[in-house]
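Here's the structure, in structure tokens; my notes come after.
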């Protein structure tokens, strides 16, 4: 390898993406070849000590172009030093020994990890940290003018990070085993700049490696392949050979036990949850992977492992390559677990292999992954099941649209990201379901799903390991189907591609879900029986046994009742008499909806069930919707009472979120800035922010979907 040339294997040059206003970095001026991390976990201090080496080459000479390297960082990330190392040779890595206590004073702070410099000289660089937005800062590093264009060099940053939005530290009491500390990271959308300095934009992808030191008893996992473990030193090594964006670098550590569930899959969970996870997933994941491969080509990431995280995990699931993160609460619901895992499997092709180049077009990952998810479920569980799940999600989409208004700009597929706005605020059901409807419309234009599958295989093969914009997808589509291009199908009146992307409001077309009518018709019938005046309670209560329904049928029925609340007192009273005892024994996805109905209807006879549920829940996805409804209605004093009794069992981030709801009395979609400060990381998942003019309440389950 010539020292004067950028190494091979980098992604090919792509159509220039629009500037990423969510990134302060100078990513456009450099090629990032590889990222190396040295991390030491310090749970006793809730801190991470790190050293990151970025292997770079400038696109132009520093004297004619970049005189500085700008990385995304965060106020929680405290930079200790920055060094330049010439050449591509990688130096060794060391965790310096901690000093013991001196004769006087406390034990000194442990030294930072470091890359040793025994093979080549390095020089210190001048740096400064400037404010950027309320979710990040800019780390500006001065570069020597002697750097030649395309000359490989390394920038090494040593740092510590405390109270970082990306890093969630859990005391033992917040785990199921309540015996050991736990930590996990969540980088999407722009949180990983508080984990390590980086080009925190989806337009930049690179391979990465990591060396992680952890206390005894903490099993460390990353979104990469583990290459070694030195038990005596507590040091793990990982390597991700394929380029990924910064937000897909993920870490988890805690009391985790493994079990193989397939030839290339393993489940990790706290020991007390492991048998449940095995029983739910053994053999299934390989079945789903094989179905996906038959549709979209080989699975390129090697292993597909799953780790179940404590209830504090702020979203449902995250598609980290090699290691999907899933909230353990979802184990209660078999059907939701199936959908969530398959959705993350689909991201292995759509989102991970091919990534949206800009946060303004997240539908390129989520809409395509949702389409692929439903193709996989159709192949494995049949069209009726897929149509039922789709009907449930589209019903939620229309509820969200009713709240936000059809002219709300967040309902666009191409959303304008204004400077200073957190990209996570753009994440909502439109990203998923309106995106899905557009992709489904494209598949319908082909006349045959198999032909569209062939196109998507070609699309993946062409663009894998790169980041794309919508025009890349649409140009490829018309090139693959020249007959459609000749028909000017992209300009069909009322269904123009540009209108799909830029128009507000509902999808321009929705899929035919008639194949699911055997499952959805009973739901509609029962809902109509309960809401038609005058109420015929005998007919409504005796028409169907909901204990024999699928979960998605029950939640669709309850969501319709939620949407119609408050209900007449006679109706809610008879509903409770008929279903309350049955629903008590069902999974949390069902119970949360019934409890919301109780709250929205001020039905005091069943209010004790709300208290019992909140006393036994630590999950954001199940606590926030209830507190939201309690504070929107007349039961705020009840909410305060329950919160004060249960707050010690909640993660500090969740506790802060609920305190804001209780204090402001606002829907958290209105009240919470997702990563406003290092301490306020409670909503760093995927909730959208509604406009201040919006009225009414909407369940967070409607938007707290998988990444």
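Every residue, even glycine, has its Cβ placed from backbone N, Cα and C.
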Candidates 332, 360, 361, 366, the one TrEMBL lists with 343, 347 as binding Zn(2+): 366
Distance [Cα-Cα, Å, rounded] between residue 347 (Zn(2+) binding site) and residue 432 (active site, proton donor): 12
Euclidean distance between Cα atoms of residue 366 (Zn(2+) binding site) and residue 344 (active site, proton acceptor), Å: 10
Local Cβ density at residue 432 (active site, proton donor) - other Cβ atoms counted within 10 Å: 27
Alpha-carbon distance [residue 432 (active site, proton donor); residue 343 (Zn(2+) binding site)] in Å: 11
Cβ neighbour count (within 10 Å, all chains shown) around residue 343 (Zn(2+) binding site): 26
Rounded mean pLDDT for the residues that make up the domain 'Peptidase M1 leukotriene A4 hydrolase/aminopeptidase C-terminal' (518-662): 96
Rounded Cα separation (Å) that holds between residue 432 (active site, proton donor) and residue 366 (Zn(2+) binding site): 5
